[in-house]
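Record features, source TrEMBL:
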| type | residues | note |
| --- | --- | --- |
| DOMAIN | 62-637 | domain 'Major facilitator superfamily (MFS) profile' |
| TRANSMEM | 60-84 | transmembrane segment |
| TRANSMEM | 96-116 | transmembrane segment |
| TRANSMEM | 128-149 | transmembrane segment |
| TRANSMEM | 179-205 | transmembrane segment |
| TRANSMEM | 217-244 | transmembrane segment |
| TRANSMEM | 264-285 | transmembrane segment |
| TRANSMEM | 340-358 | transmembrane segment |
| TRANSMEM | 378-402 | transmembrane segment |
| TRANSMEM | 409-431 | transmembrane segment |
| TRANSMEM | 526-548 | transmembrane segment |
| TRANSMEM | 569-587 | transmembrane segment |
| TRANSMEM | 617-639 | transmembrane segment |
Amino acid sequence: MSQTEKVLYKDISEVQLDTLANSHLEEIHDETDLMEYYDGKCGLFRFTPRWLQFFNHPKVFLISMSLFIGFQGTISTGFIAVGLSSIEKRYDLTSALSAVAAASFEIGVILFILFTSYFGGRSHKPRVLGVSMFVMGIGSLIFASPHYFSGEYKFNKTSTELCTGNSTYERSCTDPLYFFYPLFIIGNMIIGCGVSTLYTVGLGFIDDSTHPRFSPIYLSIVVIVGIFGHIAGFGLGGVFLSIFVNPLTPTTLTSDDPQWVGAWWLGFVLTGILSIICSIQFFLYPRRLKGSREYDKLRKEQQPIEDQGVSFQDDHNISILIMIKEYPVYAWRIIKNPTFIFVTFGISSASFVIQGMVTFLPKYFEIQYSVSASLASYIIGAVTIPAAAFGLLLGGITLSFFKRLSVERLALCVFLLTLIEILAPPLFLIGCSTNEIAGVSVNYQNSTARTDYQINTLNVSCFSYCGCEGTDYLPVCSERVTYFSPCLTGCPNAIDDDGYYSNCSCLNRNVQAKTGKCTDDCTIEIAISSILFFLAVTLIFYNNIPFVKLTLRCVADKDRTIALGIQSFVFRLLGQLPGPIIVGTIFDLNCILWDETDCGNRGACLEYDSVSLKYSVVALVFVGTTLSSFFFFLAWIVWKCKKIPEK
């Protein structure tokens with residue numbers, strides 16, 4: 001037994017080493033080969049059976065990573081975006097508050113991303129990913145916990161909202177539902193903590209384990225599966241929202257009813273449990289997959305000359321104290337890289353817009369096209385996400401034909417970003433015609449329309465005798481004008497269960513009111529916007545893989561995981577964290593009708609000024625995409641001046 005073997009593996013018995021030497025160690029010539037042998041076997045500790053080595057392959061690990069990123073997309077984007085309007089309605093939250101709950105995912109990532117990208121990159125990466133997936137599952141279950149703590153959802157029957165005379169409705173002020181609000185923040189932060197390793201340690205491990213020529217395709221597949229996770233989130237979220245929030249409670253409500261709240265929590269419970277179960281597989285992978293060391297040498301040939309000074313080495317035997325001392329050196333070397341900085345700011349600007357709009361996209365569709373939450377989810381999942389997958393696949397395939405990231409390829413990406421700016425205005429300006437709301441956007445008989453509409457402050461003679469104080473929002477439509485409720489329309493009679501009301505004192509004689517808001521047929525508008533969405537999302541995600549590869553290639557090989565961590569920290573801090581909060585605030589600023597809780601506090605928004613909301617969103621998207629194009633253009637200029645070694 002050599003002295004090197006004794007030092008490195010003194011915990012292995014001499015008998016074990018002798019046995020290994022007889023069968024395998026004759027092919028091992030130095031310390032690196034020995035580390036390759038022991039670090040490269042699938043199993044748990046010393047349990048490494050031969051049949052388990054079948055899984056020691058990048059393609060198998062690709063499946064595991066795909067499950068992780070798929071569940072992450074389903075939870076953090078799909079289910080949250082789809083269920084946001086239902087959560088607002090159920091727990092009396094404004095869009096700004098719900099946006100903070102959604103953005104708390106980014107807070108969790110930001111708190112851990114620098115730590116996990118550095119120490120996780122120098123630890124046993126697959127096991128780090130296993131712990132992360134387990135933590136993500138726990139966070140998902142916590143996010144769903146308010147459903148179990150808040151009791152059953154209570155709603156008013158339509159018959160109690162009729163004009164019945166001088167009687168008044170009494171509301172019982174119970175504990176405010178927003179007491180459960182912190183659980184959404186805590187749960188989503190824990191989800192973010194778990195996901196913090198996914199795009200740094202996870203993508204870095206895949207890049208380590210694959211040939212540089214095929215690495216873009218592997219990365220494309222992983223991110224595409226993440227996009228299909230969003231498909232599952234939007235699609236399954238739509239299915240869950242078509243189920244009543246209390247599935248075991250019989251109800252006469254339909255999904256088109258303003259009081260309807262779907263089972264927003266069900267998806268979080270299912271994916272949380274599955275994530276915990278699937279996290280076990282990562283603990284069986286080796287520290288490095290077979291052949292990964294050979295690919296290290298090939299990657300160096302693709303780096304600029306000035307970035308080749310630091311050679312690759314395994315750091316998993318370095319002490320934590322040394323890692324802490326070295327971190328500022330690595331970070332400063334990365335921050336001084338202008339290409340890296342411009343690409344990071346470009347991604348930050350784009351993610352500000354993308355994350356903000358994705359979070360509220362289902363709600364935006366509900367408002368602009370007068371569709372239910374479940375239908376909005378189906379539309380987005382069926383149109384937008386396949387376009388993203390197509391763009392990612394196309395970008396990864398085209399990049400695989402380039403041995404190096406050429407300046408012409410970057411110039412094309414900048415051009416595509418400019419096309420996105422051109423598509424944005426017509427995309428978000430499309431929408432159905434706006435219908436009027438009595439007492440808000442149009443006069444209510446002798447009462448002047450007001451934007452601070454509160455029921456208790458209106459004094460309209462046609463329903464003043466009805467005793468409508470405290471009535472809930474149960475809109476009815478008559479002659480293209482939406483009224484707050486049958487009571488505030490002066491309707492004493494309901495025509496059976498058909499949803500029609502007669503003899504309404506606030507309407508013209510012989511004119512009936514129908515349950516629900518006034519809506520138009522928006523089929524053509526939805527079709528046009530779907531086409532524009534498909535084009536825009538394809539262009540956005542076509543650029544995704546090239547810029548990930550640019551980040552990996554514009555820094556030294558040893559710095560790649562740290563660079564991804566720093567980049568993720570910056571674009572989440574400057575882009576994905578404030579994006580949803582700003583967009584949620586924009587939604588609140590365009591609210592023209594607020595709900596009132598039983599305790600007299602402001603609740604969720606009931607109606608928005610859809611026209612004003614359109615222009616606000618267009619302005620935000622235009623500014624964000626313009627900044628993104630500018631920073632990527634600067635990255636193209638800097639990269640153009642770098643010297644790439646020629647073979």
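For all residues, glycine too, the Cβ spot is worked out from N, Cα and C.
With a threshold of 8 Å between CB atoms, the same-chain residues lying at least 6 positions outside the transmembrane segment (264-285) that come near it are 42-44, 52, 55-56, 61, 64, 67-68, 71, 74-75, 78-79, 82-83, 86-87, 90, 126-127, 129-134, 136-141, 143-144, 146-147, 233, 236-237, 240-241, 243, 245, 247. Nonlocal intrachain contacts for the transmembrane segment (378-402), taken as residues 6+ away from its ends with a CB within less than 8 angstroms of a stretch CB, comprise 78, 213-214, 216-217, 219-221, 223-224, 227-228, 230-231, 233-235, 238, 361-362, 365, 371, 409, 526, 530, 533-546, 549. Among 60-84, 96-116, 409-431, 569-587, 409-431 has the largest number of CB pairs under 8 A with the transmembrane segment (617-639). Residues 94-100, 102-103, 106-107, 109-110, 113-114, 117, 344-345, 347-357, 359-360, 363, 605, 608, 613, 616-617, 620 of the same chain sit 6 or more residues outside the transmembrane segment (569-587) yet have a Cβ under 8 Å from a Cβ within it. The list of residues near the transmembrane segment (179-205) in space but at least 6 beyond its ends in sequence, with Cβ under 8 angstroms from a Cβ of it, reads 61, 65, 68-69, 72, 75-76, 80, 87, 91, 93, 97, 100-102, 104-113, 116-117, 120-121, 125-126, 128-129, 132-146, 149-150, 219, 222, 548, 552, 560-561, 564-565, 568.
Residues of the same chain lying 6 or more positions beyond the ends of the transmembrane segment (128-149) and with a Cβ under 8 Å from any Cβ of it are 65, 68, 71-72, 75, 91, 108, 116, 120, 180, 183-184, 186-198, 201-202, 205, 245, 264-266, 268-269, 271-276, 278-283. For the transmembrane segment (217-244), the list of distant contacts is 58, 62, 65-66, 69-75, 77-83, 86, 202-203, 206-207, 210, 251, 253, 255, 260-264, 266-267, 362, 372-378, 380-382, 385-386, 388-389, 392-393, 395-397, 400, 541, 544-545, 548-549: same-chain residues at least six beyond its ends, Cβ to Cβ under 8 Å. Taking the domain 'Major facilitator superfamily (MFS) profile' (62-637) as a whole, pLDDT averages 79 in the prediction.
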